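Marked as active site, nucleophile by TrEMBL: Ser234. Residues or ranges marked as active site in TrEMBL: His300. What TrEMBL records for 166-316 is domain 'Peptidase S54 rhomboid'. According to TrEMBL, the feature transmembrane segment maps to 120-139, 170-191, 203-223, 235-253, 297-315, 327-348.
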Amino acid sequence: QLDPENTGFIRVETFASLVHSHELPLDPAKLDMLVALAQGNDEGQVCYQELVDLISSKRSSSFKRAIANGQRALPRDVLLDETGLGFYKRFVRYVAYEILPCEMDRRWYFYQHRTCPPPVFMAAVTLTQIIVFLCYGARLNKWVLQTYHPEYMKSPLVYHPGHRARAWRFLTYMFMHVGLEQLGFNALLQLMIGVPLEMVHGILRISFLYLAGVLAGSLTVSITDMRAPLVGGSGGVYALCSAHLANVVMNWAGMRCPYKLLRMVLALVCSEYPPLGRAVWLRFAPPLPASGPQPSFMAHLAGAIVGISMGLTILRSYEESLQDQCGWWVLLLSYGTFLLFAVFWNIFAY
């Protein structure tokens with residue numbers, strides 16, 4: 001009756017009166033998004049397919065284009081002004097404002113967020129690192145500068161130049177740490193930055209970014225610091241941190257984090273200086289004489305490069321498919337070329 005010509009569109013005023021007169025049980029947030037979509041097109045009409053997609057919690061490509069090209073103006077107040085939320089929903093809202101630069105995307109994420117699946121990857125990696133550290137600490141009776149113990153480098157998890165043929169070491173070194181300080185910094189950053197990123201972007205994107213930083217770190221060390229062993233998950237941590245910080249800088253105007261400039265400075269100081277400075281100090285000016293070379297710091301730099309390059313593409317849109325982005329394939333090809341070069345280097349350069 002409202003669309004006699006079967007065009008699939010009705011005016012937004014007609015739809016609003018229909019909702020009011022029939023008291024349709026629509027989510028107010030979804031209704032706001034539908035009205036914002038209608039405001040974004042030239043004729044101010046509501047599309048039937050967009051209504052179906054919205055009710056079924058699906059955002060088609062046309063839906064996302066309409067959001068991107070629309071006014072992005074919501075009739076109601078911003079999400080930050082909502083009151084009466086429980087602790088978990090307040091945490092989800094906090095994550096939305098920390099990670100996403102657009103109010104429409106924040107609202108969509110907030111209302112579509114589900115507790116299942118939980119952010120298990122970063123939690124599992126951090127828990128495994130803590131367990132491995134405790135086991136080696138108890139076994140060696142040493143909790144600081146464990147790399148100075150002669151038995152430490154015999155672990156099958158440590159990346160060591162003399163055992164590069166054991167390919168698993170290029171990844172498993174992320175479970176080993178020099179001491180409590182390195183473990184503490186990595187675990188804290190993984191939980192504070194990695195868990196919110198995984199909540200928004202999902203386990204596949206964040207695990208890929210983290211492991212890409214870890215693998216790039218060990219391969220970079222095998223090329224640039226050929227005699228140094230490597231321990232710690234700093235390559236993956238720096239990939240996450242640099243990707244998040246770069247994303248915040250690129251979307252500075254849209255981020256609504258309180259005191260964001262001060263927090264950015266503190267994040268840079270806390271994430272960059274202590275781990276990297278300590279790694280450089282241990283590499284070139286060890287406090288105690290050791291029988292072999294000290295762990296390299298090049299994994300930190302390699303992880304940061306991976307985060308800035310690949311991370312910006314991965315975190316640009318928490319819903320946009322990576323397969324549809326041309327830049328993603330260019331970066332993936334570049335990363336694959338680096339991996340291939342590093343593999344051949346490790347085979348033939350020694």
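Placement of Cβ uses the backbone N, Cα and C atoms for every residue, glycine included.
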Same-chain residues at least 6 beyond the ends of the transmembrane segment (170-191) with CB under 8 Å of its CB atoms are 122-123, 125-126, 128-130, 132-133, 136, 143-147, 155-159, 164, 211, 214-215, 218-219, 222, 230-237, 240-241, 271, 274-275, 278, 282, 295
Under 8 Å Cβ-Cβ from the transmembrane segment (235-253), and at least six residues away from its ends along the same chain, one finds 99, 101, 125, 174, 185-186, 189-190, 193-194, 197, 206, 209-218, 260, 264, 267-268, 271, 275, 299-308, 310-312, 314-316
Given the transmembrane segment (203-223), its same-chain partners at Cβ distance under 8 Å and 6+ residues beyond its ends are 117, 119-122, 125, 159, 161, 164, 169-171, 173-174, 194, 197, 230, 233-240, 243, 296, 298-303, 305-307, 310-311, 314-315, 322, 335, 338-339, 342-343, 345-346, 349
His300 (active site) sits from Ser234 (active site, nucleophile) (Cα to Cα, rounded, in Å) at a distance of 6
For the domain 'Peptidase S54 rhomboid' (166-316), would you mind checking the mean pLDDT of the predicted model? 80
Could you say which of the active-site residues Ser234, His300 has its Cβ with the most other Cβ atoms inside 10 Å? Ser234
